[in-house]
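All remarks here apply to the structure that follows.
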Amino acid sequence: IFSGGFMLLIFYWRPDWKLLCTHSLSVISKSTKVLLRTTDETNQVRLIYFLHLNPKLFFLVSNDAEIPLAHYGTDTASHNDVIYFKHHSLKYIWNNSVMTFKELGGLDKQATLAQLHQDSTTGLKHDDKDDRQNLYGQNLITVKVPPYHHLLMFEILNPFYVFQLFAVVFWMFDEYYIYAIAIFIMSFISAITSLIEVIHKLFQVKHKKSIHSNILGSVLTYRLAGLTVISATNDQGLIILQIVEFYLNPCIPNRSPPFTGTCIVNESMLTGESVPVTKTPLPSGENELQHLYDTDSHKRHTLFCGTEVLQTRFYRGEMVKAVVVRTGYHTAKGKLVHSILYPKPVNMQLLRDAYKFIAVLFLIAMCGFIYTVVIQTISGETAAEIALNAIDLITISVPPALPLAMTIGIIYAQLRLKKQKIHCISPQRINVSGQIDVVAFDKTGTMTEDGLDLSHIVPSYVKSDPTLYNEPRQPEDTTEHPGDEMVQCMVTCHTLTTIDGRILGDPLDLKMFEATKWQLVEPVVSIGILVFICRNASPNGVSGGDDIGVVRQFPFASVLQRASVITRAYRAKPKEMKVYLKGAPEMVASLCLPSTVPADFHEVLKSYTQQGFRMIGMACKDLSLTWLKAQKIERSAVECDLKFLGLVALQNKLKPQSKGALLKLEKAEIRTVMVTGDNLLTALSVAHESGMIRPHEDVLLASTSDASENSPATLQWNYADNTGKSRACIVTICIMTSQLVPNWHLAVSGHDFAIIQNYFPEWKEILSVKGTVFARMSPDQKTELMENLQSVDHHVCMCGDGANDCGALKRAHAGVSLSEHEASVAAPFTSHTDLGIECVPTLIREGRAALVTSFGMFKFMALYSLIQFCTITLLYNDLTNLSDVMYLYIDLIIIDLVAVTMSRNHACKYLHKKHPPYSLLSVEMLVSLMVHIILQLGAQLLVFFMIRRQCWYTTLTPAQAQNTTMNVTDCPQLSNVIDQSNVMMTYDTSALFYFSCFLYMSASVAFSRGFPYRTPIYKNYLFIGSLLFLVAFTLFLIFGAPTEL
């Protein structure tokens, strides 16, 4: 009350101060609030809640021993009350064992496969259902749109808007109505615009995340301890460990691993690829049952929230059954929506520097405040007049229009990007993109074309020598060998499916299958023992006689680098089955009997990969199994002791824009990096072909081994073969001597990257600085690489197709998705696929233009406030001031017109090798601003003292001078002085006002530098026209305007 509400405002900005003033530290059991120190250096306060749970609540039963809830993110072992708080829609539970809060997770972090299989048969009792409902809440991904007036209040309580409101109220008291109303209108429009953008984004996310309205005609069956409840569209009641059966094709409202049957799903919302994915039951082998369930390693067995089930395949009349392990924001779609609603804080160095500089301006204003109070007190002014003049000086020193002026350049850049088919959902990142000095590209689908062309089939045997490769075959020759094992592997080892008469699936699988000219046939439902049937449709095949049925699938896993199937031929005996496997050639060869692998395997593989081919290895072996055992056999027992069949070469061509875009970045001295999940040699070939690595530059390949009980981890660097140098390379020689040319590169695989991260931390910085090719990288490793690059002060841009790159796209300073699917919503920038990686130089150019514009606009606004501050301070010396009309002409006409037009410079058409300054407080920026401050202050002082040396000068106003006898007979200019009896201003006021007008215009020109980041100033026609108009009108006011003006 005594502060007039000011303390409430302070506490709103700093809730931690309010907490310190109103609360005291306490033990967790007696606490009511918790203070959070977040990663964006802000402090937030959250309420603590106590939830009473049934002490018999246990999640799992393992070996007849009850496992308490504490093992799954909470602690109820010592008491029945769960202590938690909610932050950003997530619940955090107090864990006594580690004495801290832990995020409440689902079942997937702790459960073994055996426990999941056991729980899938029992279901839940009603009491357990209610307890889980209380703990986890409803299965909702809620995007709450707050009331509009709340959002508006949130906007206007920003410190900038509060200061503007203060200035407007003050100006109204000072009878400066026109400008006060103008600033209020502009601020209100700005706040409403921001409000509309926030609401639009919330509604957009709410619309895209909505899954309930899309479940049309779907039926989910919830089994609760034998009681079956049918629900048509309501999935809000799904809870952890509930069993779900799919009868039709629903949209998945939770995260569930299937236990029976197979699902074909569309995960485009999460991966960006509209490719059907096959989901198979969780492994049930004896050794596999003790493995912990993990979403990443078991993603081929997990139905993710938001994905659409296109097809279900169930066996012997049993429906596809799944168990719920996550709900709400803990699901995959929930995390995606959460990352959009609560994105990671952007490193807004510009904003922090702006606050620091405004603090400096405020200190200058306080000096002027004290000076004004002292001068006018000595002169005998009233207290009200002194207060008005002193506070007026503060509003001059910190310009209220600064926030609007700072965002104008970003708005123009965003509009230009949109015209170039680059969409931005985080405008603050545009300035950050102007600081990019490293760009990481995904390979497949980003640098190269999406599709793969089948080039060669290389069988591994010849009749004369089974250890050598046969002559390569063309794809069209496969129809002549229907009984060939390689052809049968190409036909069966895939996850393709038939939907509405079309064969859909992974492009690589589809390309190989189509080359065989076989058909994919769905099995009869009544049989229910086959996944699908492959039928030879070529003229050489016998109708139905060559049919091969797929009994079980082991889908491709990036961790395992392979996929396999168990098949049974039409004419085979009941237990006569066959395994076909394909994957990374090195992995396939390691799983085969050494006697079946050709002696020249590595040489042939290297020759193809160095030509840029993507290689797939194939293998097979015979099995003797019943259908039931085939469903339970472990994957490791199937994928071993195989017979190597050969290689398939697929060609992935560069996109036409790739070479040109990389050349532009190279000329701008912006480092480029390739991050791919493909083979290392294939990635190196693409790097050479694209120009990322030049022919004369050295490339060092990492060779690592993991640590064991008897030996430590090792790291060795070898020259790539195409360098013409010795293979051996000692680490210290490579780095410390001049054996290498100035431009040299490191290339590592995902395995090497993990070894270096874990065992060789001293090499992390070198790898971050000199690494160029990162192959066989998992999604998590891509994200980790972004963090490593940022740790060495790089500003990183990640460009990917939105499939496995989502984590890296979000972690980079500027993420550019070339996918137009919903997964790209998480990336700050989305480019039209036709542009390819050409969008990256375009984004950097526009980012640089926006960044330099923001810097120039800030310097202009700062100099504008200091020019006016100096003008008013000098006039206060004579107890005079500018008139309201003068203020309006400066603030409303000159400044606003210049601010709107000087930011319209387009980005320079090419990237320059000189990088823009990264900080407002850099030496270059500070020197530039200080020089202009000194020059303008010196110029105003010069005018101020020169005007006083004139013979006709008087401190009286012209009206007062008409009635005063002055001894100016020797003044030759006296005859030129016209009647100004109605003008109430001094010569000082007039001279400083007109001179300062030209200072503002000259400052706008000085801070509108074009080259090398923006087009020249003379191409900004609106700005040039505005300047000419202002100069002409100001000269008119000086020489031609009626005295009444």
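If you go along the chain as it appears here, the first residue is 1 and each next one adds 1.
In case you wondered, yes, glycine gets a Cβ from its N, Cα and C as well.
Where the annotation comes from TrEMBL, it is an automatic prediction and has not been curated.
Taken from TrEMBL as is:
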DOMAIN    1-95  domain 'P5B-type ATPase N-terminal'
DOMAIN    108-170  domain 'Cation-transporting P-type ATPase N-terminal'
DOMAIN    261-340  domain 'P-type ATPase A'
TRANSMEM  151-171  transmembrane segment
TRANSMEM  177-199  transmembrane segment
TRANSMEM  357-378  transmembrane segment
TRANSMEM  390-413  transmembrane segment
TRANSMEM  850-874  transmembrane segment
TRANSMEM  886-904  transmembrane segment
TRANSMEM  925-947  transmembrane segment
TRANSMEM  991-1008  transmembrane segment
TRANSMEM  1020-1041  transmembrane segment
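Contact check: the transmembrane segment (991-1008) against the transmembrane segment (850-874) gives at least three Cβ pairs closer than 8 Å, residues 6 or more apart, which meets the contact criterion.
By the Cβ criterion (under 8 Å, sequence separation of 6 or more), the transmembrane segment (357-378) is in contact with the transmembrane segment (850-874), since 3+ such pairs are found. Here the transmembrane segment (151-171) touches the transmembrane segment (390-413). Their Cβ atoms form 3 or more pairs under 8 Å, with each pair 6 or more residues apart. In the predicted model, residues of the domain 'P-type ATPase A' (261-340) average a pLDDT of 73. Same-chain residues lying 6 or more positions outside the transmembrane segment (850-874) and placing a CB less than 8 Å from one of its CB atoms are 350, 354, 357, 361, 364-365, 368, 371-372, 392-393, 396-399, 401-402, 405-406, 408-410, 412-413, 430-431, 434-435, 881-882, 890, 895, 898-899, 902-903, 905, 916-917, 920, 925, 928-929, 932-933, 936-937, 940-941, 944, 988, 992-993, 996, 999-1000, 1003-1004, 1007-1009, 1013-1014. With a threshold of 8 Å between CB atoms, the same-chain residues lying at least 6 positions outside the transmembrane segment (1020-1041) that come near it are 893-894, 897-898, 901-902, 904-905, 994, 997-998, 1001, 1004-1005, 1008. Through the fold, the transmembrane segment (390-413) approaches residues 160-161, 163-164, 166-168, 170-171, 174, 183, 186-187, 190, 354, 358, 361-362, 364-366, 368-369, 372-373, 376, 427-428, 430-431, 846-847, 849-850, 853-854, 857-858, 860-861, 864-866, 868-869, 872-873, 876, 891, 895-896, 899-900, 903-904, 907 of its own chain, all at least 6 residues removed from its boundaries and within a Cβ separation under 8 Å.
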